[in-house]
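Listed features, source Swiss-Prot:
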MOD_RES   MET1  N-acetylmethionine
BINDING   32-40, 228-234, 259-262  GTP binding site
REGION    32-39  region 'G1 motif'
REGION    74-93  region 'Disordered'
REGION    258-261  region 'G5 motif'
REGION    515-582  region 'B domain'
REGION    536-604  region 'Disordered'
MOD_RES   SER542  phosphoserine
COMPBIAS  550-567  compositional bias 'Low complexity'
MOD_RES   SER561  phosphoserine
CARBOHYD  THR598  O-linked glycosylation site
CARBOHYD  THR599  O-linked glycosylation site
MOD_RES   LYS610  N6-acetyllysine
MOD_RES   SER620  phosphoserine
MOD_RES   SER629  phosphoserine
MOD_RES   SER650  phosphoserine
MOD_RES   CYS657  S-nitrosocysteine
REGION    667-681  region 'Important for homodimerization'
Amino acid sequence: MEALIPVINKLQDVFNTVGADIIQLPQIVVVGTQSSGKSSVLESLVGRDLLPRGTGIVTRRPLILQLVHVAPEDKRKTTGEENDPATWKNSRHLSKGVEAEEWGKFLHTKNKLYTDFDEIRQEIENETERISGNNKGVSPEPIHLKIFSPNVVNLTLVDLPGMTKVPVGDQPKDIELQIRELILRFISNPNSIILAVTAANTDMATSEALKISREVDPDGRRTLAVITKLDLMDAGTDAMDVLMGRVIPVKLGIIGVVNRSQLDINNKKSVTDSIRDEYAFLQKKYPSLANRNGTKYLARTLNRLLMHHIRDCLPELKTRINVLAAQYQSLLNSYGEPVDDKSATLLQLITKFATEYCNTIEGTAKYIETSELCGGARICYIFHETFGRTLESVDPLGGLNTIDILTAIRNATGPRPALFVPEVSFELLVKRQIKRLEEPSLRCVELVHEEMQRIIQHCSNYSTQELLRFPKLHDAIVEVVTCLLRKRLPVTNEMVHNLVAIELAYINTKHPDFADACGLMNNNIEEQRRNRLARELPSAVSRDKSSKVPSALAPASQEPSPAASAEADGKLIQESRRETKNAASGGGGVGDAVQEPTTGNWRGMLKTSKAEELLAEEKSKPIPIMPASPQKGHAVNLLDVPVPVARKLSAREQRDCEVIERLIKSYFLIVRKNIQDSVPKAVMHFLVNHVKDTLQSELVGQLYKSSLLDDLLTESEDMAQRRKEAADMLKALQGASQIIAEIRETHLW
């Protein structure tokens with residue numbers, strides 16, 4: 001098990017070379033208040049004076065101290081890493097050793113070896129001032145120091161700045177918060193052991209070290225308490241209850257030590273002498289606890305705790321390193337290798353982008369969105385949901401009222417009163433309604449164009465990671481595709497405009513669907529006319545027979561008798577037969593007298609009997625209405641524009657409006673169905689499919705030129721740096737994986 005700590009030290013070195021903190025390695029973190037004796041405990045464990053000492057805040061940067069045990073008989077003292085597969089970055093190992101029993105090495109000084117521990121202390125001070133300044137500033141950047149000695153056990157310790165309350169010197173006002181966050185960053189590592197240092201001449205219940213330790217380790221499974229300055233307690237008091245755990249119990253134990261005083265340091269008292277005096281003090285003051293306290297016992301305890309902790313953390317550490325190695329390998333692959341054949345690389349990237357673009361439209365892309373519709377699926381949604389619902393929301397009679405229809409009918413007849421509804425009025429009104437379908441159709445083209453623009457960004461972000469290496473090539477491809485889409489937009493709009501113009505060019509009243517609708521409406525209108533005449537004709541006939549009676553004396557309403565109804569039906573049948581005969585023979589009759597070429601097609605559907613004309617005439621007699629009639633007392637100006645007057649429509653006007661409305665609605669639905677079917681087809685042919693078919697040839701023609709190779713395949717400034725960082729991290733992870741793989745299972749027990 002002793003071999004586990006050097007393994008962790010090697011892993012620490014490997015990851016320090018790349019400045020990575022992604023792997024949390026097992027280590028011992030020393031925490032405590034300022035001047036509580038943290039650095040003195042570390043020096044006692046090392047057995048040499050190597051840390052800066054003094055009053056106030058001395059430790060101003062984290063110090064990661066690795067203690068490496070070497071055999072005393074080893075005459076050739078080196079870094080101990082000549083045969084290690086994982087070595088420090090750019091390390092050139094010395095061919096000769098160092099003739100000294102103990103030596104140190106800093107990570108930031110590369111291969112320089114220090115045999116003078118005063119020089120080590122001076123280098124710590126210099127490195128601290130280089131980053132933290134020469135006053136009282138604190139920095140979170142750690143200093144890495146490795147000590148080789150036959151007098152130490154294998155340990156990895158972290159000395160942190162002491163907790164303080166009031167800023168001094170050039171320290172910021174929030175120095176307490178900064179140091180607290182720094183300590184929490186190290187002790188929050190679940191693979192660390194917390195060494196909580198508290199001075200014996202203070203109340204343990206007020207220990208800041210134990211308080212902050214419990215925040216991250218409430219169960220105390222990885223916290224060991226150290227009581228320093230046992231020789232400085234008030235006379236008549238001792239730390240027996242504290243060391244026995246009766247005041248505050250600590251699961252891993254409480255160990256007391258005696259530090260060198262500042263006077264001892266000034267008198268150059270060695271650590272060896274200090275440890276000997278410590279043992280004598282413990283035998284005298286705490287004889288029953290002497291064998292479970294002191295610096296030597298603390299070192300052995302820490303070594304044992306660290307080894308067991310490493311054993312527990314090792315399986316998870318192996319898994320973590322393997323996962324990270326796979327991730328960085330994938331990341332490095334996405335960055336690609338340096339370009340050798342630029343011509344082949346350019347053609348490959350162009351082809352891949354064109355393929356991914358077309359696949360995104362077809363729905364066979366490698367990277368498929370799950371949060372929203374994109375590509376061909378969104379185009380389908382635009383066709384059948386957005387465009388379809390928009391067309392269905394267009395009212396066939398929107399913008400038309402009864403006055404508009406009557407005005408169109410009158411304008412279509414010219415100066416002659418019309419007996420039938422002119423076909424010209426129907427065409428005029430239905431074309432006006434069909435024209436309203438053009439705007440949503442053009443909007444459909446615009447939406448598809450926008451989606452095809454979005455596909456460019458989708459392919460750049462998800463499908464072709466290689467393009468991120470070459471930002472100029474990426475911009476050039478986007479520009480070419482955008483120009484291609486922009487060129488196809490007017491062509492597609494023109495085709496959609498023509499589709500609507502085609503419908504406007506010829507109103508096909510012989511359309512099969514429209515003929516069926518006309519037949520149904522003819523039967524419906526004929527039936528309504530029969531019913532209306534059956535109710536109203538008897539009263540009109542009676543008023544005609546008694547024409548000498550003033551109309552004002554006629555009854556307001558009269559129910560038709562059965563005899564009158566039979567008479568009305570007989571007259572209606574005779575009238576219909578007479579009209580049919582006249583229409584077939586072409587002679588005599590009202591229809592023959594007023595027939596016009598433009599209205600012949602409507603006669604079968606808009607037949608008007610004499611009885612109905614008589615009824616309309618009777619209805620119009622009581623209320624003679626002139627359009628735009630002047631008020632009494634005013635002169636009539638023939639140059640005035642006629643103003644429509646609101647009035648109750650006659651039966652014929654109601655019938656004409658109803659016929660026109662139904663015909664417009666029927667024909668509009670036919671045209672809308674045609675537009676809903678033909679516009680998506682036109683968009684697919686003139687825009688989507690054309691871009692798919694010509695995209696690659698357009699890209700090759702515009703970009704595949706020898707004069708553009710060097711410029712287009714210029715990598716971004718940070719791409720080379722990111723590739724190098726990923727390669728270094730991958731190398732470190734592979735080295736760490738090799739180190740862990742060399743651990744024998746027997747080492748764990």
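Cβ from N, Cα, C; glycine included.
When other Cβ atoms within 10 Å of the Cβ of SER650 (phosphoserine) are tallied across all protein chains shown, the result is 16.
Taking a C-beta cut-off of under 8 Å and a sequence gap of six or more, LYS38 (GTP binding site) has these contacts in its own chain: VAL30, VAL31, GLY32, THR59, ASP159, LEU160, GLY162, VAL197. Note on the binding-site residues SER35, THR228: the fewest other CB atoms within 10 A surround the CB of SER35. When secondary structure is read from DSSP and collapsed to three states, SER261 (GTP binding site) falls in the coil class.
Along the region 'Important for homodimerization' (667-681), the predicted structure has mean pLDDT 93.
Taken residue by residue, the region 'G1 motif' (32-39) breaks down under DSSP into 2 helix, 2 strand, 4 coil. Note on the binding-site residues ASP231, ASP234: the fewest other CB atoms within 10 A surround the CB of ASP234.
If one looks beyond the region 'G5 motif' (258-261) by at least 6 residues along the same chain, the residues whose Cβ comes under 8 Å of a Cβ in the stretch are 37, 40-41, 44, 228-231, 269, 271, 274, 277-278, 281-282, 294. Taking the Cα atom of each, SER35 (GTP binding site) and CYS657 (S-nitrosocysteine) are about 103 angstrom apart. The number of other CB atoms found within 10 A of the CB of GLY32 (GTP binding site), across every protein chain shown, is 27.
SER261 (GTP binding site) has a Cβ environment of 15 other Cβ atoms inside 10 Å.
DSSP gives ASP234 (GTP binding site) a coil state; it is part of no helix or strand.
Helix, strand and coil counts under DSSP for the region 'Important for homodimerization' (667-681) come to 15 helix, 0 strand, 0 coil. For CYS657 (S-nitrosocysteine), the same-chain residues lying six or more positions away in sequence with a CB closer than 8 A to its CB are THR402, ILE405, LEU406, LEU649. Note on proximity: among THR228, ASP231, ASP234, SER261, the binding-site residues of the record, the Cα nearest SER650 (phosphoserine) is that of THR228. DSSP assigns THR228 (GTP binding site) to a strand.
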